[in-house]
Amino acid sequence: MDLNQRKEKKGQHVGCCGSRTDLSADTVELIERMDRLAENQATASMSIVALPSSFQESNSSDRCRKYCSSDEDSDTCIHGSANASTNATTNSSTNATTTASINVRTSATTTASINVRTSATTTESTNSNTNATTTESTNSSTNATTTASINVRTSATTTESTNSSTNATTTASINVRTSATTTESTNSSTNATTTASINVRTSATTTESTNSNTNASTNATTNSSTNATTTASTNVRTSATTNATTNSSTNATTTASTNVRTSATTTASTNVRTSATTTASINVRTSATTTESINSSTNATTTESTNSNTSATTTESTDSNTNATTTASINVRTSATTTESTNSNTSATTTESTDSNTSATTTASTNSSTNATTTASTNSSTNATTTESTNASAKEDANKDGNAEDNRFHPVTDINKESYKRKGSQMVFLERKKLKAQFPNTSENMNVLQFLGFRSDEIKHLFLYGIDIYFCPEGVFTQYGLCKGCQKMFGLCVCWAGQKVSYRRIAWEALAVERMLRNDEEYKEYLEDIEPYHGDPVGYLKYFSVKRREIYSQIQRNYAWYLAITRRRETISVLDSTRGKQGSQVFRMSGRQIKELYYKVWSNLRESKTEVLQYFLNWDEKKCREEWEAKDDTVFVEALEKVGVFQRLRSMTSAGLQGPQYVKLQFSRHHRQLRSRYELSLGMHLRDQLALGVTPSKVPHWTAFLSMLIGLFYNKTFRQKLEYLLEQISEMWLLPHWLDLANVEVLAADNTRVPLYMLMVAVHKELDSDDVPDGRFDIILLCRDSSREVGE
């Protein structure tokens, strides 16, 4: 039975309370098989005990009670043993339970432990062994559970552990062995789970580990082996997951490793083997993923490596083999990706290499082989890419020694394009029709916020000004030689006549929306997670749209404060911020004092010809005379580029998560509306200076003003201090929202209004010096970071 047939064939399970649950065909077949086995067991042993005919329909304990005598720790058992032992423990619960079972041994043991809960439970099982053991542990929970199972062994063991949770669970299973073991571990969670499975072995093992999470899960599977092993490791996460699969082996192994994440995942697959192995490695991430695949083998292996990322991914594939191998390497990234492919072999291999990047990618391909190989090389990049091709082979082989900078050319691809010359092919036509229905407003000025369901008044303030293709990191939605609208080969283009907003544009806006919801570290990890879609904006939109409702709700929650300030114009008063009044003298200054300080800062910057963006980024007073003498925006930006401001910004801050031109292009046409508002306010600044009785000085022009706000945005130390002091605001991760927020007005301590950006400059100055009205700050620098760390 193929994958689609298995998806279509479903049954309904009537639960014990009369509820109905849709089950897959495999699970229905499993329950029926278990019913028949249970009936055979009941018939064979009727002279001894009457067992229920089904695990789902009745309380078997009550029905069998008249035939069986009860034991001290067991209920209606034949040839069963239930033991519970507690020795020298404090606040410890040890439980052993056996119900309606034959030839069952259930044991729970706790030794020399504090605040430990150890439980072993066996229910309606035959020839089942369930063990839970905890030894010399503190705050440790060890659980072993077996339910409605035949010939099942379930074990959970924790030894000399602290704050460790070890769980082994088997549910409605036949001939299944499920084991979870933790040895000499601290703050370690080890889990092994088997659900509705036949002839399945699931094991999770952690040995001499600290802060380690090891998980092995098997769900609704047949003849499946799932293993997760961690040995002598620190801060390691090892996971092996198999879901709704048949004859599938999923393995994740980590050995003698530090800060390593090793994951192997198989979902809705048949005859699939997925393996992820990391050996003697430090700071290594090794992942192998197979999704909705048949007869597919996906392997990711890292051996004796440092700071190495090895990934193998197969998605919705048939008869596909995807391999990524890294051996004896340092700072090496090896990736093999296969997406929506049939009979496709994708391999990436790196051997005894240093600082080497080897990638092999196959996307939406049939009968395609893509290989990238690097052997005994240093500083070498080897890439092989096949996209939306049939019977295509793309191969790059760098077999060199020494400081090689090879394979910088486009991959040589042998592609048979004849079958794709017809744009009206049925596949392309159906895909185009489906996308047009999903994004119906692309003939108008649609944006991703409309797609998510935001109202026009909300979109006005959440709008992604300045977000363009340069927002995307290099390599994300930026492939050349393909359709600019969908990034597909021209013969497979899914764009349609009259489309004003491209799918690629919606995709980069969707990426910006995801950035709205993530801090720097979370966004880095997200970019790694979507690596299979880096060359496929249409595929990414499909992935993004699945979480459409969730994303909408999350934005509404996280940005409620922002919309209240920018849309409903709720007033920010510094006196409402308790932390601000206690931790900063700026929050006790009058509006006049804040303005005086703002103009003084700019007067000093102009006099010293200090580079503005760098100063507000990290208080660095580098000189840049060309910036102050620039007559137009172009010359201004060229001056910044000449002194390396943009390069330093990318290397020091989260600006490195965008394309190299992103910040530079903010000085072009992106913020015309905000620029108009600022230039209209210049007259107000002159009147303010006259009213304050100070000598009028030239206020910063637009490009200098924008430099200030960009520097403040990427200044991590300043941002954290401001968000701590000003309690009405919270974290935000997009520059356009920061620019909008900076221009709202706030009430100073004397209830006079000042722009928020003036308050920002005052806080920034407070973090650096005591050069403020009324002398020295008396409480400043409560949060001051003398190291002034910037960015990520």
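Quick reminder: no glycine exception, Cβ is built from N, Cα and C everywhere.
If you look up Swiss-Prot, you'll see 91-390 marked as region '25 X 12 AA tandem repeat of N-[SV]-[RS]-T-[NS]-A-T-T-T-[AE]-[ST]-[IT]'.
The feature region 'Disordered' is assigned by Swiss-Prot to 113-417.
Per Swiss-Prot, repeat '3' is recorded for 115-126. Beyond the ends of the repeat '3' (115-126), by six or more residues, the same chain brings 41, 51-52, 55, 60, 82, 84, 89-104, 106-109, 132-134, 137-152, 154, 156 to within a C-beta distance below 8 angstroms of the stretch.
The compositional bias 'Low complexity' feature in Swiss-Prot is assigned to 118-393.
Within the same chain, residues 27, 30-31, 33, 156, 158, 161-176, 178-181, 204-206, 209-224, 228 sit at least 6 positions outside the repeat '9' (187-198) and bring their C-beta atoms closer than 8 Å to a C-beta of that stretch. The repeat '9' feature in Swiss-Prot is assigned to 187-198.
Long-range neighbours of the repeat '10' (199-210) within the same chain, counting only residues 6 or more positions beyond its ends whose Cβ lies under 8 Å from a Cβ of the stretch, are 168, 173-188, 190-193, 216-218, 221-236, 238, 240. Under the heading repeat '10', Swiss-Prot lists 199-210.
Within the repeat '11' (211-222), the DSSP-based counts of helix, strand and coil residues read 0 helix, 8 strand, 4 coil. What Swiss-Prot records for 211-222 is repeat '11'.
Annotated repeat '12' per Swiss-Prot: 223-234, in sequence order. The residues of the repeat '12' (223-234), classed with DSSP into helix (H, G, I), strand (E, B) and coil, number 0 helix, 8 strand, 4 coil.
Feature annotation from Swiss-Prot assigns repeat '13' to 235-246. DSSP states for the repeat '13' (235-246), grouped as helix (H, G, I), strand (E, B) and coil, give 0 helix, 8 strand, 4 coil.
The list of residues near the repeat '16' (271-282) in space but at least 6 beyond its ends in sequence, with Cβ under 8 angstroms from a Cβ of it, reads 240, 245-260, 262-265, 288-290, 293-308, 310, 312. What Swiss-Prot lists as repeat '16' is 271-282.
Annotation source Swiss-Prot lists repeat '17' at 283-294. Over the repeat '17' (283-294) the predicted model carries a mean pLDDT of 76.
When the repeat '18' (295-306) is classified with DSSP, helix, strand and coil residues number 0 helix, 8 strand, 4 coil. According to Swiss-Prot, the repeat '18' annotation covers 295-306.
Beyond the repeat '21' (331-342), the same-chain residues lying 6 or more positions past its ends with a Cβ under 8 Å from any Cβ of the stretch are 300, 305-320, 322-325, 348-350, 353-368, 372, 531-532, 536, 539. According to Swiss-Prot, the feature repeat '21' maps to 331-342.
Taking H, G and I as helix, E and B as strand and the rest as coil, DSSP gives the repeat '24' (367-378) the counts 0 helix, 8 strand, 4 coil. The repeat '24' annotation in Swiss-Prot covers 367-378.
Swiss-Prot lists 379-390 with the feature repeat '25'.
Sequence annotations record features per position, and here Swiss-Prot assigns compositional bias 'Basic and acidic residues' to 394-417.
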Task: Helix, strand and coil residues within the repeat '10' (199-210) as assigned by DSSP - done: 0 helix, 8 strand, 4 coil
TODO: State the non-local partners of the repeat '11' (211-222) in its own chain: residues 6+ outside its ends, Cβ under 8 Å from one of its Cβ atoms.
DONE: 24, 26-27, 30, 180, 182, 185-200, 202-205, 228-230, 233-248, 252
Open item on the list: Which sequence-distant residues neighbour the repeat '18' (295-306)? Criterion: at least 6 residues beyond either end, Cβ under 8 Å.
Closed with: 264, 269-284, 286-289, 312-314, 317-332, 336
